[in-house]
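Take a look at the structure below.
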Amino acid sequence: MGRKKFEAFGFVCLISLLLLFNSLWLASSNMEGDALHSLRANLVDPNNVLQSWDPTLVNPCTWFHVTCNNENSVIRVDLGNADLSGQLVPQLGQLKNLQYLELYSNNITGPVPSDLGNLTNLVSLDLYLNSFTGPIPDSLGKLFKLRFLRLNNNSLTGPIPMSLTNIMTLQVLDLSNNRLSGSVPDNGSFSLFTPISFANNLDLCGPVTSRPCPGSPPFSPPPPFIPPPIVPTPGGYSATGAIAGGVAAGAALLFAAPALAFAWWRRRKPQEFFFDVPAEEDPEVHLGQLKRFSLRELQVATDSFSNKNILGRGGFGKVYKGRLADGTLVAVKRLKEERTPGGELQFQTEVEMISMAVHRNLLRLRGFCMTPTERLLVYPYMANGSVASCLRERPPSQLPLAWSIRQQIALGSARGLSYLHDHCDPKIIHRDVKAANILLDEEFEAVVGDFGLARLMDYKDTHVTTAVRGTIGHIAPEYLSTGKSSEKTDVFGYGIMLLELITGQRAFDLARLANDDDVMLLDWVKGLLKEKKLEMLVDPDLQSNYTEAEVEQLIQVALLCTQSSPMERPKMSEVVRMLEGDGLAEKWDEWQKVEVLRQEVELSSHPTSDWILDSTDNLHAMELSGPR
């Protein structure tokens, strides 16, 4: 018997190693993952913005600042304003389906890789406000889908490639504030652009710069104006009247000259042209209780979106702390979003939908801002941060969350999610329930945040709505395997969040390997329960200031919520009732009986293979007592 157990243990270890190496291979063998890993290795990241770019996190589509389409192929890399330095890598050219490369406002140096010309699906290339040097690659002229090209405020040198004039889709061009030289093309797509696109390049020449190129004939000035001779009229004007009339005519001509010049420019150029200018400030309007802020108002509130005001970063964008003119503190979420025709109306519709989800345990949307270049959401500022920060990032001066507060958080967040599922029309699926997305107000009441953003983000193809996002440990099995989410996906995430509340630990933590423990919080908890070590899984910060029976009850709810089959998980409304003391004992007893029967069937089917255990099986052996 001992030999059997040893062999079974060895087989389980072998299977575990194979699964681990398989998951690593899936990420490392992914060409796109390799390319992004090369980029991360070549960049200096003082703020750990790229911390989630880990090969153990399934694939690049689960990493922050990366967006994928339905086929789990990278379509967007958003690393703007991230304080990154270092150089880009040629491997970026392997991201064949990439549409948006956002690297603006960093400290990146070196050349712009010519391999970016292989990104034939690229729509937007934003490299402005860096320290790039060298020429603009001629290969960028192969990007025939490019609409936005911003290379301004760098140290680029050499001529403007003529190949860029072949990009007929180009709508926004900014090459200003560089060290470019030579003639500015004025044919093809470049006929659309005005001098502002090329400003502050002292060695550029050509008609658009008002500086003739060497060897070219000077620009012909307009012919001088010769006033017609003054002919006395029959009525006779005095000399004073003639002089006054001449002065008036001259003044009129002086004021009309700019208008005439602009009219000449419009006749010379096509009627419609584009260039990058600061976004127009929207008029302040109210949609019910929802306020529409101007961009300028939010820029002032956040000190121009200063890094020092960043509260957090996520897959939807960055969150900034801000102070409005009346002194009110707010949290401003700056979304990353694809601009599509009709997107403004869609955005406003979805914003209004989110604003109608009003509940004590939901983060209330206070307002929004929409401009041609920005989408922002304004929320009340939550002084106590998130549950995750209170559990794992609290300063020594801050007391740990008491057990009673943790129970209050469990019930409040369940009520908020239940409202999203059962009382919103259409229902809202959160898709990313975890401790980091549960905020705490001044009274430590749980407030569910980031709901509705998956619908709000107006992407044609995005992992936010149809493919896996987030990190291992929070993701329901069916979501991980199919990319399809449901309200039961939220239930699973909620169950993991309960385990975070109880243990104070992360849902996925490689540091647990140091003690030969499971990296997945769910498996780690189950292992301790099977060994009847309940006291070892409770957060040490509680220092035994909890009731064991209440901990057992919360664990039971968590295990019911994290069953592998979504059909067997309770609805959030049922979870609320169980936490309120209604029906947990019956639900737990019923579930245990089903588990016993299922295991008996499995053992009869595999009489010599007692090692075949699903991660959700054999939980009756934990011998958790029922609610008391």
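Glycine is treated like the rest: Cβ placed from N, Cα and C.
These numbers come from a predicted model, not from an experiment.
What Swiss-Prot lists as disulfide bond is CYS61-CYS68, CYS205-CYS213. Feature annotation from Swiss-Prot assigns phosphothreonine to THR302, THR328, THR462, THR465, THR466, THR471, THR482, THR562, THR616. The phosphoserine annotation in Swiss-Prot covers SER386, SER389, SER481, SER486, SER604, SER625. Residues or ranges marked as phosphotyrosine in Swiss-Prot (evidence: similarity to another entry): TYR479. Annotation comment: Swiss-Prot describes 45-85 as region 'PSKR1 binding'. According to Swiss-Prot, the feature region 'Leucine-rich repeat receptor-like protein kinase binding' maps to 62-81, 100-105, 126-129, 174-197, an assignment based on experimental evidence. What Swiss-Prot lists as repeat 'LRR 1' is 95-119. Per Swiss-Prot, the feature repeat 'LRR 2' maps to 121-143. The signal peptide annotation in Swiss-Prot covers 1-29, and the record cites sequence analysis as its basis. Taken from Swiss-Prot, the feature topological domain 'Cytoplasmic' applies to 263-628, supported by sequence analysis.
Ranking the disulfide-bonded residues CYS61, CYS68, CYS205, CYS213 by other CB atoms within 10 A of the CB puts CYS213 at the bottom. Within its own chain, the repeat 'LRR 1' (95-119) has Cβ neighbours under 8 Å at 32, 35-36, 43, 67, 69, 73-89, 125-143, 145, 150-151, 156, 336, 338, counting only residues six or more beyond its boundaries. Taken residue by residue with DSSP, SER389 (phosphoserine) is part of a helix.
Each residue contributes its Cα atom, and for CYS205 (disulfide bond) and THR302 (phosphothreonine) those atoms are 39 Å apart. If you compare Cα positions, THR482 (phosphothreonine) sits closest to CYS68 out of the recorded positions CYS68, THR302, THR562. Cβ neighbour density within 10 Å is lowest for SER486 among the modified residues THR302, SER486, THR562. For the pair formed by CYS61 (disulfide bond) and TYR479 (phosphotyrosine), distance between Cα atoms is given as 13 Å, rounded to the nearest Å. With DSSP states grouped into helix (H, G, I), strand (E, B) and coil, the region 'PSKR1 binding' (45-85) comes out at 3 helix, 9 strand, 29 coil. For SER486 (phosphoserine), the nearest neighbour among the recorded positions CYS68, THR328, SER386, SER389, judged by Cα separation, is CYS68. The Cβ of SER389 (phosphoserine) lies under 8 Å from the Cβ of ALA436, each of which sits 6+ residues away along the same chain.
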